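In what follows, a structure is listed as structure tokens, so that the remarks can point back to it.
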Amino acid sequence: MDNTVRAFMKRHQLVKEHATVLIAVSGGPDSMALLHFFWKHREEWRLRLIAVSVDHQLRGEESLEDLDYVRQFCRKRNIEFIGTSLDVPAYKQEKQIGTQIAARELRYQFLAEQMTTYDADYLALGHHGDDQAETVLMGLVHSASVKSLAGMPLERDFATGKIIRPFLCVTKETIEHYCRKHAITPRRDPSNDESTYTRNDYRNNVLPLLKSRNPNLHRTIQHLSRSLQEDEAFLEREVEKMVKQAVTFDKQKTAVHFNIGTFNSYPHSLQRRAFHLILNYLYSDIPKKISYVHEVQFFTILNDRHGNVRIDFPHRLKLERSYQNISLYFMNGKPEPLSYHMLIALPGETVLPNGGAIAADVTSNPGIPDDMVYVCDKETVALPLHIRTRKPGDRLRWRGMNGSKKVKDIFIDAKIPLNERDTWPVVTDNNDDILWLIGLKKGMPRKQAENGSYIQLSFRNSDA
């Protein structure tokens, strides 16, 4: 097992030299083997090891004995040790959640605190290949999420460093053999043999059947998991870009707005992820009642060609369609006006969150400017061009005028309604100089360039 795990760790660069590694140790076979493995190979990576053990106060004296067993194991090998008792029953009662969830939440809170206290680089967990197989199978049966099918990540950010799982490359049987070989007598939790817990049911009944067909199931699933995680990581980066470009959040992140046409211009796989990312932004904790049904409702409204509609999501979140715009907001907060700031595609068409669009082109033969067409010498503006909503202190200068005028005053002079001013499109150059208050004022005159090269902008409203 040593060579398999060492090669696995080096291939994936799981630890760096001179790192501080916290090892979560329950006293069971997996975590004891992990602790012994790191202790045995500590000089290879020049590691500082700290064992962390938790009594969840669920099995009385027995769980305290587990804690003491780990403490004695560490004392004999001069391994730093941190032990604590967590009142899981009280936390479970307070939060009205299940025992396993309560234990996990409290445990990870404590582990995160210790990572910060010791400025640790890694938290090593003893999950192995069979655990990964169980996780993937449970995701397949109980969840419609690709992320669930990907299983547990080999590494992920946590507190001051990363969680790592070096044993995902080996099976439970291999770990048990390692314990026997090194005279480790681990503690046993009888509840792990009870099939009343969902995971134990998969462990005791489902996994043995599948492994009888494929003894290397853990390797097959680990390859699948790694591929899905890499794909998912790429798609998550892409959807974050999409949301930044297509979705507008209010200042408190209690409401979002976007244009349906812009949203629908992205691939459906990104749209689906964007929906869930938006929910993650809006909810501090995703309600358990959020399900696939809400995703279906979202896309039904998104693609419905009829009028306006509003539906309720859990915890007073509203999904509202108004013509070609979608808003999600909480009832305790009125959605703010739709502000935005976007780069203008040149050449191309840029669709705005409110449904309008601006077309841009470079030409030597521009059309005749009017209220909805703007032409300027390409050489006289700082590119790229931007289109945004107004900002405090915005001012516009135009030909024949000494100085500049506040955009606010231009709106007042033109009798623009208050509810339209915060969403009025403003074109600027890359220096944030206002070139065009669309439909009202032009901040730069048409000017002949030596090479006869012009930028022509054409704006159309959403109802055009």
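The backbone N, Cα and C atoms fix where each Cβ goes, glycine too.
Per TrEMBL, these features apply:
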type: BINDING; residues: Ser26, Gly27, Gly28, Pro29, Asp30, Ser31; note: ATP binding site
type: DOMAIN; residues: 385-459; note: domain 'Lysidine-tRNA(Ile) synthetase C-terminal'
Report task. Express the predicted model's confidence over the domain 'Lysidine-tRNA(Ile) synthetase C-terminal' (385-459) as a mean pLDDT, rounded to an integer. Result -> 83
Report summary line: Using DSSP three-state counts, the residues of the domain 'Lysidine-tRNA(Ile) synthetase C-terminal' (385-459) come to 11 helix, 22 strand, 42 coil
Report summary line: In chain order, residues whose C-beta lies under 8 angstroms from the C-beta of Ser26 (ATP binding site), counting only those at least six residues away in the same chain, are Ser53, Val54, Asp66, Val70, Gly126, Arg187, Asp189
Query raised in the report: What does DSSP call Ser31 (ATP binding site) in the simple three-state scheme?
Result: helix
Requested in this report: Starting from each candidate's C-beta and looking 10 angstroms out, tell me which of the binding-site residues Gly28, Pro29 has the most other C-beta atoms.
Outcome: Pro29
Report task. Around the recorded ATP site, report the further residues of that chain (criterion: Cβ within 8 Å of the mean position of the Cβ atoms of Ser26, Gly27, Gly28, Pro29, Asp30, Ser31; site residues excluded), sequence-ordered. Result -> Val25, Met32, Ala33, Gly126, Pro186, Arg187
Query raised in the report: Looking only at Cβ atoms, how many others are within 10 Å of the one on Gly27 (ATP binding site)?
Result: 21
**Report entry** For Ser26 (ATP binding site), the three-state class that DSSP assigns
**Finding:** coil
